Amino acid sequence: LCLSCRGGDYDCRVKGTCENGKCVCGS
């Protein structure tokens, strides 16, 4: 979970990961 991820769709926020301080959506 990328706690710093704001906005985007629910799937991105829930399944995404943090890379270099940015939210990367899960596949």
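Using N, Cα and C of the backbone, Cβ positions are placed for all residues, glycine too.
Straight from Swiss-Prot, the features:
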DISULFID  C2-C23  disulfide bond
DISULFID  C5-C18  disulfide bond
DISULFID  C12-C25  disulfide bond
Q) About how far apart, in whole Å, are the alpha carbons (Cα) of C18 (disulfide bond) and C25 (disulfide bond)? A) 9
Q: Using DSSP with the three-state reduction, classify C18 (disulfide bond) as helix, strand or coil.
A: strand
Q) Which of C18, C23, C25 (the disulfide-bonded residues) has the most other Cβ atoms within 10 Å? A) C23
